[in-house]
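Among the features that Swiss-Prot reports, transit peptide is placed at 1-67. The domain 'PPM-type phosphatase' feature in Swiss-Prot is assigned to 107-518; the stated evidence is sequence analysis. Taken from Swiss-Prot, the feature Mn(2+) 2 binding site applies to Asp142, Asp413, Asp509. According to Swiss-Prot, the feature Mn(2+) 1 binding site maps to Asp142, Gly143.
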Amino acid sequence: MSSTASYRIFNFARNRIAVLRGGRRLYSRAATSRNQVKWRLFSPASLAVNDSSPHGGFALRKAYRHTSTEEEDFHLQLSPEQVSDLLRAGESSHKVLDFNSGVPNSVLRFESNQLAANSPVEDRQGVASCVQTRGTMFGIFDGHGGHACAQAVSERLFYYMAVSLMSHKTLEQMEEAMENMKPLLPILQWLKHPGDSIYKDITSVHLDHLRVYWQELLDLHMETGLSTEEALMYSFQRLDSDISLEIQAPLEDEVTKNLSLQVAFSGATACMAHVDGVHLHIANAGDCRAILGVQGDNGAWSCLPLTCDHNAWNEAELSRLKREHPESEDRTLIIDDRLLGVLLPCRAFGDVQLKWSKELQRNVLERGFDTEALNIYQFTPPHYHTPPYLTAKPEVTYHRLRPQDKFLVLASDGLWDMLDNEDVVRLVVGHLSKVGHQKPALDQRPANLGHMQSLLLQRKASGLHAADQNAATHLIRHAIGSNEYGEMEPERLAAMLTLPEDVARMYRDDITVMVVFFNSESIDTYFKEG
């Protein structure tokens with residue numbers, strides 16, 4: 001590695017961080033880039049603040065040690081094999097073999113991977129099938145301010161969704177089992193990755209709140225359960241409400257109490273897909289994203305976005321915020337492209353400091369919590385007058401799958417910060433060609449210099465490394481290893497993988513990717529049968 005890619009990356013990242021003071025924490029946010037942290041918490045002891053900096057920035061002590069050592073410290077060169085080993089450490093792949101009413105599942109297989117920037121990683125992912133109803137759920141959960149909220153949502157949201165879809169009769173059986181202390185009917189069949197974690201200590205508390213939810217559904221007396229769109233809408237909002245209420249209720253168990261506080265005061269965006277035959281529903285709250293890779297009748301590929309990012313660049317989202325708050329706050333709702341100047345996404349689970357009144361926050365935090373040990377962020381943004389400013393209400397999109405819909409990509413914003421929608425589709429199609437699944441058809445558009453340049457770059461990149469077997473890994477490789485021209489740079493890729501922990505997060509986010517491949521023959525059968 002030259003002297004050196006990682007050194008340049010560190011200096012670039014360090015100069016793009018600004019510091020705000022809030023309570024006993026230093027809250028940092030990117031000064032100019034939209035592709036940086038959402039919430040970021042540091043203990044004052046872990047920072048060396050440099051007030052004389054022309055950028056008003058700071059040097060991390062650990063990172064500063066790297067900048068003050070000799071250049072040979074940055075000459076760690078990974079071999080191509082070591083790079084691939086690091087990239088593939090978190091990958092997972094599953095084939096779907098079950099049948100639905102005699103017709104093969106519309107999902108053929110799915111592949112996922114995750115690359116951490118935070119330590120510990122704040123992203124979560126999940127895949128589960130509904131046992132009492134039909135359908136498979138896929139979810140990406142992007143945490144901020146810690147991993148606690150993303151962890152909780154990844155474990156609990158699918159249960160709320162599955163219960164929402166249950167018939168009145170099934171819910172009665174669930175309630176009867178609880179009343180008679182008998183085993184519950186199975187709700188979900190999880191497809192867990194070996195690295196997935198779970199909070200077993202609070203399962204009973206979560207079950208109690210899930211039971212209250214299904215009791216309320218029973219009171220609605222709906223024979224067939226909620227529609228999929230209603231189920232997604234209610235599940236997101238009900239879980240977020242429970243997260244908020246759980247920490248307000250008296251809890252005697254110290255572990256549960258502390259964890260509930262961490263969940264409520266951290267946050268998570270979520271993007272969830274429910275696939276039932278040809279029926280695809282997407283629910284999104286925040287800036288994760290879902291897109292479809294579509295191959296037209298002429299063989300040309302295109303991208304079909306299924307979500308909209310809920311952030312300051314979404315005019316519809318800005319209009320929603322203005323409708324929900326007084327006109328006097330129009331100029332302060334978004335400051336520096338962030339909600340109240342502190343949060344990039346405008347929808348998220350948790351983050352009660354942007355939902356509760358100041359009085360409620362103070363009352364909860366004064367109930368004997370060790371907020372210092374729990375690293376709870378105590379900061380009220382300026383212009384905080386009419387909460388809530390944040391919501392977990394999702395936007396739900398329905399799409400009827402067609403034989404030309406070949407794959408679905410769900411990913412946290414760490415991927416979309418690096419690659420646009422069209423790049424992602426192009427890379428997945430190229431991956432399919434390399435691993436022999438499918439030969440991509442040439443676009444029938446007239447050739448032009450830009451198109452020819454793109455083809456040349458693809459050919460050049462393909463010779464730099466052996467083909468990844470996992471599409472999600474392939475996307476992550478290109479997300480962090482490609483330059484501004486779309487060319488794969490092995491030196492850049494190695495540098496991005498060897499950055500110190502405290503520097504890596506300044507330059508990129510956690511990246512979690514899931515690619516769901518559809519069974520075109522099965523979908524065609526659904527269409528023929530009506």
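For all residues, glycine too, the Cβ spot is worked out from N, Cα and C.
Keep in mind it's a predicted model, so treat the numbers as computed, not measured.
The secondary structure of Asp509 (Mn(2+) 2 binding site), as reduced to three states from DSSP, is coil rather than helix or strand. Across the fold, the C-alpha of Asp413 (Mn(2+) 2 binding site) and the C-alpha of Gly143 (Mn(2+) 1 binding site) stand 11 Å from each other. The highest number of surrounding Cβ atoms within 10 Å, among the binding-site residues Asp142, Asp413, Asp509, is found at Asp142. Long-range Cβ neighbours of Gly143 (Mn(2+) 1 binding site) (same chain, at least 6 residues apart, Cβ-Cβ under 8 Å): Glu122, Asp123, Arg124, Cys149, Ala150, Gln151, Ser266, Gly267, Ala268. Look at Gly143 (Mn(2+) 1 binding site): DSSP puts it in a strand.
As a whole-number mean, the pLDDT of the domain 'PPM-type phosphatase' (107-518) in this prediction is 90. Asp413 (Mn(2+) 2 binding site) falls within a helix when secondary structure is assigned with DSSP.
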